[in-house]
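Features as listed in TrEMBL:
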| type | residues | note |
| --- | --- | --- |
| DOMAIN | 59-310 | domain 'G-protein coupled receptors family 1 profile' |
| TRANSMEM | 47-67 | transmembrane segment |
| TRANSMEM | 79-106 | transmembrane segment |
| TRANSMEM | 126-147 | transmembrane segment |
| TRANSMEM | 159-178 | transmembrane segment |
| TRANSMEM | 214-236 | transmembrane segment |
| TRANSMEM | 256-275 | transmembrane segment |
| TRANSMEM | 287-312 | transmembrane segment |
Amino acid sequence: MSGDEDTHTRAQSEILTIASMNSSVHSVNMSSLTYRDPSSTAVAKNVFILALGLTINYINGTLIHTFRKHQIFYTNPRYVLFIHLVLNDMIQLTVTICLFVLSYVIYRIQTSLCCLFITFASFTTLNTPLNLAIMAVECYIAICLPLRHAELCTIRRTYILISWIWAMSAISTLPDVFLNVAKEPERYIYASIFCERDNLFRHPISLQKRDISFTVYLIGVWLTVFFTYFKIFFVARAAKKAKSEDRNAKKARNTILLHGFQLMMCMLTYIYHTIMKALIYLFPKHYINVIFVCYIFIQILPRLISPIVYGLRDKTFRQHLKKYLLCSVIASVTPWTKAKCGSLS
């Protein structure tokens, strides 16, 4: 398509491809097929996605601000792991929304820039299940090994584990970058592509390694979550039989369940291809809308679970978070309260 024709096409309607809806990890390998949205629909979708993303990132940003301002949080390994998960979600959400908008506005971007986007998206996608597994283990130690919790769960060890999370994600992702750059150096310097993982990492070894690494990661994480849940469940049941209320055990068990639900939502990314094929088979006339809805449920909404798990359920965090959220809302309506809000910062 010529430049004039491409400009005219974008003026009439926005281009949407199936790959644009899963830019962080997987995609259906059909990026050559294009489907058009009317301009009004395209604008509405982008505004909705941006509004949803900004809302989630605002809540997560407030969580990070609350964490940073109070020593009770940044000296507690549990909250450190939680804030790392929140920060990771913010990065992933920002990257995937940028790619979503770019798929409408520009469609093709420089391969090197796409590589940067996809690398960060892959890192954060792999970080999430590993972070959830470590948080589940911390809950298990707190309930089942309370006398050793202070010894095993230290701030120093927590940051070491976070470093290992990023290192494992790097080990899984960076070889793909080096392999594909070595095989096609000119493409990474001069070419422009539609930015999704299968367009970027086209080498068969990359595709096989991705599937194997995801399988190993998820099996390990699920085994960890199941082990910790059942251990905590047995402790809670034993306490109930002894007629002693162990609220911490019950709360930890519910938290592990939420971790499992969050992990299940994250896993949808890895089976995106299968989900899309099934839904498109069932609703072939609503192809574009199916893709859009799947994007929201698979890429956006799982990022909203983290604030619920700790930001709203945790009593200590909720008390401090409420102050900052209410203060920011009131300050935007009545400017004279800014001085009072400033005292909380």
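For all residues, glycine too, the Cβ spot is worked out from N, Cα and C.
Panel annotation: around the transmembrane segment (47-67), residues 73-74, 79, 83, 86-87, 89-90, 93-94, 97, 100-101, 295-296, 300, 303-304, 306-307, 310-311, 317, 320-321, 324-325, 328 of the same chain, lying at least six beyond its termini, place a Cβ under 8 Å from a Cβ of the stretch.
When Cβ-Cβ distances below 8 Å are used as the criterion, the transmembrane segment (159-178) is approached by residues 80-81, 84, 115, 119, 122-124, 126-127, 130-131, 134, 201, 203, 206, 209-210, 213, 217 of the same chain, each at least six residues removed from its ends.
Pairs of Cβ atoms less than 8 Å apart link the transmembrane segment (214-236) most often to 126-147, out of 79-106, 126-147, 287-312. Beyond the transmembrane segment (287-312), the same-chain residues lying 6 or more positions past its ends with a Cβ under 8 Å from any Cβ of the stretch are 16, 18, 21-22, 24, 35, 37, 45, 49, 52-53, 56, 59-60, 63, 79, 82, 85-86, 89-90, 92-93, 96-97, 100, 255, 258-259, 261-262, 265-266, 268-269, 272, 275-276, 279-280, 318, 321.
Summarising model confidence by region, the domain 'G-protein coupled receptors family 1 profile' (59-310) averages a pLDDT of 84.
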